[in-house]
Amino acid sequence: MTNKVIYPGTFDPVTNGHTDLIGRAAKLFDEVVVGVANSPSKRPLFDLDERVQLARQVTAHLPNVKVVGFSGLLVDFAREQQANVLIRGLRAVSDFEYEFQLANMNRRLMPELESVFLTPAEENSFISSTLVKEVALHGGDIRQFVDPAVAAAIKAKQTK
């Protein structure tokens with residue numbers, strides 16, 4: 001069995017914090033599946049296909065990473081991908097409580113699914129997709145927080 005991990009998220013948009021975690025996971029695991037969740041209830045800026053394409057662009061240099069969109073329960077996606085490890089990032093102590101609850105629910109639904117938590121590099125510890133969108137909305141420079149392709153995509157969305 002290969003060492004396959006899923007890194008799920010909405011990735012609206014994918015940030016440098018996400019890509020840092022993906023790159024680090026790619027060094028630890030044989031295969032990393034970036035699972036881009038549909039999450040229509042979150043009212044994303046980018047639709048699912050756009051988020052998948054942006055995530056593919058920023059991870060194209062990582063040969064053992066694939067990006068797949070999904071809907072429904074994460075545990076069903078994990079089974080479909082034949083993965084039994086889930087990776088999640090913890091930016092702050094406040095993230096831990098929520099992630100701990102999710103890990104326990106996922107374990108209850110799929111006992112063989114293990115959750116592994118990674119902390120971000122210090123320079124990425126405060127970056128979130130929500131903050132990036134907020135800074136962009138108010139005309140701030142987001143180039144230090146996202147890949148140039150993502151910054152361009154956000155700018156294009158704003159001019160529509």
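Every residue gets a Cβ built from N, Cα and C, even glycine.
Under the heading substrate binding site, Swiss-Prot lists THR10, LYS42, LEU74, ARG88. Annotation comment: Swiss-Prot describes THR10, PHE11, HIS18, GLY89, LEU90, ARG91, GLU99, ASN124, SER125, PHE126, ILE127, SER128, SER129, THR130 as ATP binding site, evidence class sequence analysis. According to Swiss-Prot, the site 'Transition state stabilizer' annotation covers HIS18, on the basis of sequence analysis.
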Cβ neighbours of GLU99 (ATP binding site) where a neighbour is any other Cβ within 10 Å: 15
LEU90 (ATP binding site): secondary structure state under DSSP, collapsed to three categories: coil
Of the binding-site residues listed as HIS18, GLU99, SER125, the one whose CA lies nearest the CA of LEU74 (substrate binding site): GLU99
Sparsest Cβ surroundings (other CB atoms within 10 Å) among the binding-site residues THR10, SER125, SER129: SER125
Integer Å distance between the CA atoms belonging to SER129 (ATP binding site) and THR10 (substrate binding site): 9
Longest CA-CA distance among THR10, PHE11, HIS18, GLY89, LEU90, ARG91, GLU99, ASN124, SER125, PHE126, ILE127, SER128, SER129, THR130, per record bound to ATP, angstrom: 18
GLU99, SER125, ILE127, SER129 screened against ARG88 (substrate binding site), Cα within 10 Å - retained binding-site residues: GLU99
Listed in sequence order, residues with CB under 8 A of ILE127 (ATP binding site) and six or more positions away: THR15, ASN16, GLY17, ARG91, PRO120, PHE145
Spatial neighbours of LEU90 (ATP binding site) that are distant in sequence (at least 6 apart) but have CB under 8 A: PHE96, GLU99, PHE117, LEU118, THR119, PRO120
LYS42 (substrate binding site) and HIS18 (ATP binding site), Cα-Cα, nearest whole angstrom: 18
